[in-house]
């Protein structure tokens with residue numbers, strides 16, 4: 001009880017000396033159990049293979065290159081590897097997961113399945129995909145890719161229907177129409193299998209619009225049926241538009257099992273790759289660094305849309321990306337954000353990372369870790385410390401209860417002692 005005024009006094013003295021402990025705009029970790037997924041801006045192998053070895057190409061401090069805690073690939077992203085033939089097997093595990101990738105699939109690439117398609121739909125797909133990845137990596141330690149085997153009993157093969165520039169979609173796969181079918185009004189099925197992981201992220205996609213082929217319009221219809229549990233997942237085309245639509249994808253989180261892919265109209269699609277989620281962990285928010293181009297190229301904000309508290313903290317620079325190696329590699333602002341990976345930090349919040357766990361002038365929003373006591377520390381001529389009143393109220397209640405108990409005990413013993421003297 002007598003220590004409280006001293007604590008407040010010491011805190012005020014600290015405040016008068018300028019101690020503030022604000023949240024910092026970095027990504028960091030509580031301890032050594034962390035992992036980063038990235039692209040060329042954190043791809044140490046890419047830099048090693050350039051001549052000369054110019055580490056200004058990266059936003060990552062080269063001291064982390066031998067940490068064994070980075071899975072990055074120049075020119076790629078997790079979304080790009082998930083859907084397209086341009087594939088890198090991102091693999092990593094940690095309690096605290098950080099993502100700094102996504103820029104290698106943006107409006108700059110202008111991808112769309114057909115000439116009359118829509119890149120806006122693919123940006124929507126990107127946002128939905130990363131939402132599932134971020135949410136699930138807050139509760140899983142391990143991420144990697146796995147192939148999804150499937151069995152189709154017809155003679156038709158998969159076809160590269162959806163492609164643009166150098167990007168060719170191969171997940172999900174399109175099964176071409178059988179030669180004996182005169183149109184796309186038919187039902188067809190394929191078996192596929194998920195095994196070896198705790199859960200999987202798989203795509204379920206349709207053309208949401210009137211798909212034209214040989215003067216006929218078709219409504220896409222795709223389903224996945226879990227033959228072990230009887231659960232069915234499905235999408236049907238609901239739009240009446242004939243141009244400006246594209247491949248709308250939902251990203252399902254499925255358990256291991258035997259599945260049936262079913263198409264009631266148009267082409268059958270079946271997943272060929274999945275994100276493999278393994279090793280459940282205590283809830284730990286992921287951290288995402290904005291992945292964007294210099295303003296000379298068009299970027300998107302889909303990773304920011306996907307990264308929402310409480311499962312995700314988003315970090316961004318307030319200025320244009322201007323690299324020192326070239327305009328898209330080696331930006332000082334993003335290098336500063338990644339510098340937090342060089343040290344441990346006790347507390348994470350929506351506003352940033354706190355370097356100390358004692359007091360702060362900022363109340364941590366969606367805090368995780370050992371976070372500072374809320375305090376508003378000011379520095380006028382006479383320092384004033386205004387602390388969060390809740391702990392003081394609770395302390396007062398506890399002290400009041402303790403006083404009542406002591407008084408009751410004293411009265412009890414006094415009455416009991418008086419009774420004994422009277423009896424004597």
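Backbone N, Cα and C atoms are what each Cβ position is placed from, and that goes for glycine too.
Taken from Swiss-Prot, the feature topological domain 'Virion surface' covers 17-392. Annotation comment: Swiss-Prot describes 40 as active site, nucleophile. Feature annotation from Swiss-Prot assigns N-linked glycosylation site to 54, 89, 153, 236, 301, 316, 358, 417. Residues or ranges marked as region 'Receptor binding' in Swiss-Prot: 128-266. Per Swiss-Prot, the feature region 'Esterase domain 2' maps to 267-379; the stated evidence is sequence analysis. Positions annotated as active site, charge relay system by Swiss-Prot: 326, 329. Marked as topological domain 'Intravirion' by Swiss-Prot: 414-424.
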Original post:
Does anything in the same chain, at least 6 positions from residue 40 (active site, nucleophile), have a Cβ under 8 Å from its Cβ, and if so what?
Top reply: 46, 57, 58, 72, 73, 74, 75, 329
**OP:** Could you tell me how many residues in the region 'Receptor binding' (128-266) are helical, how many are strand and how many are coil under DSSP?
**Re:** 10 helix, 70 strand, 59 coil
Original post:
Using DSSP and three states only, what is residue 326 (active site, charge relay system)?
Top reply: strand
Original post:
Counting across all protein chains shown, how many other Cβ atoms sit within 10 Å of the Cβ of residue 89 (N-linked glycosylation site)?
Top reply: 11
**OP:** May I ask which residues of the same chain, at least 6 positions away in sequence, place their Cβ under 8 angstroms from the Cβ of residue 236 (N-linked glycosylation site)?
**Re:** 206, 219, 220, 221
**OP:** Sort out the sequence-distant neighbours of residue 358 (N-linked glycosylation site) for me: same chain, 6+ apart, CB within less than 8 Å of its CB, listed by position.
**Re:** 21, 372, 373
Original post:
Looking only at Cβ atoms, how many others are within 10 Å of the one on residue 153 (N-linked glycosylation site)?
Top reply: 8
Original post:
Highest CB neighbour count within 10 A among the glycosylation sites 54, 301, 316?
Top reply: 316
Original post:
Taking just the CA atoms, what is the gap between residue 301 (N-linked glycosylation site) and residue 54 (N-linked glycosylation site) in Å?
Top reply: 29
Subject >> Between residue 153 (N-linked glycosylation site) and residue 326 (active site, charge relay system): CA-CA distance (Å) >> reply: 51
